[in-house]
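Visitor: Submitted below is the structure of interest, expressed as structure tokens.
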């Protein structure tokens with residue numbers, strides 16, 4: 001603009017010099033018109049120059065703005081890629097932790113199940129040893145009783161010749177070398193022991209897989225579910241669970257079955273009760289001397305609560321054994337459904353059969369003395 005103003009001043013000065021010598025008449029009017037036309041041209045060129053400069057500056061600003069936006073977009077894309085990589089890394093870490101947790105849970109369950117089996121085996125061995133010890137005690141008591149009987153029957157006036165073999169006739173005298181037990185004592189001891197001690201039959205249990213039951217279990221194992229419409233659970237409900245939870249009090253029996261299926265049943269020993277017993281009615285909850293499920297007068301050592309109702313029901317040891325057997329079965333199949341049991345299919349099948357046998361024994365009235 002400074003150059004343009006200098007040029008315009010120069011042109012103005014030149015035009016001024018042309019008007020120093022005025023002419024007469026109408027000669028001054030054309031010169032004035034030329035000067036006006038020249039000034040308009042100069043103004044128009046100035047405006048065009050300014051417009052061109054504004055256009056060039058706006059184009060330059062637009063280009064710089066687009067370059068800046070491209071740089072920002074590139075930075076944002078880099079940050080997004082970094083965040084995607086971080087999300088993938090965190091997801092892998094989470095999957096690894098979940099897998100480790102699942103394996104740890106499965107191993108803990110297997111270890112706990114193994115410990116339970118070992119404890120049951122040790123308990124069975126201890127019970128067997130206890131029975132043998134009791135048999136030996138009974139035998140010794142029988143022997144002591146026989147000795148007492150022989151001693152009492154031997155008097156100075158009529159001595160017992162079995163206790164005093166030297167009083168026997170020479171033909172009946174038996175030559176003894178060293179110490180020997182009197183035959184009558186041994187025979188009396190054996191006869192008394194045979195009356196008190198009954199020899200236990202030796203049990204050699206054998207197992208054979210039933211093809212129909214095993215096929216049903218395999219089909220259920222492919223997609224384990226707690227829906228009792230499948231053939232595997234339908235059979236167990238009909239043959240074991242239903243009869244095992246079929247008590248005299250039908251309405252309460254149905255509530256117990258639902259609570260067992262939903263895993264909301266609680267069994268507590270009466271001796272360790274610290275909470276007050278909430279009674280609905282004397283007939284429904286019964287008492288320590290009457291079972292709420294069977295309605296029979298029994299010594300109840302445990303009580304049950306259905307869900308969070310707060311109502312407790314006293315149950316007899318037999319009813320407790322039946323409920324516990326069904327609960328053990330449902331607990332095991334829930335573990336299988338959750339994928340916590342990682343054993344061979346045949347081993348799982350035999351464990352299910354063992355639990356079914358416990359339910360069968362419980363519904364027939366068999367239970368251990370610990371109940």
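Positions of Cβ are set from backbone N, Cα and C atoms, glycine also.
The structure displayed is predicted, hence computed values, not measured ones.
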Visitor: Pick from 155-204, 205-254: which stretch is listed in TrEMBL under region 'Disordered'?
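Guide: Result: 155-204 is the stretch TrEMBL calls region 'Disordered'.
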Visitor: Which of these ranges is annotated region 'Disordered' in TrEMBL: 1-57, 58-114?
Guide: 1-57
Visitor: Would you mind splitting the compositional bias 'Polar residues' (42-57) into helix, strand and coil residue counts from DSSP?
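Guide: For that range the per-state counts are 16 helix, 0 strand, 0 coil.
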Visitor: Where does the mean pLDDT land for the coiled coil (66-150)?
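Guide: Value for the coiled coil (66-150), mean pLDDT as a whole number: 88.
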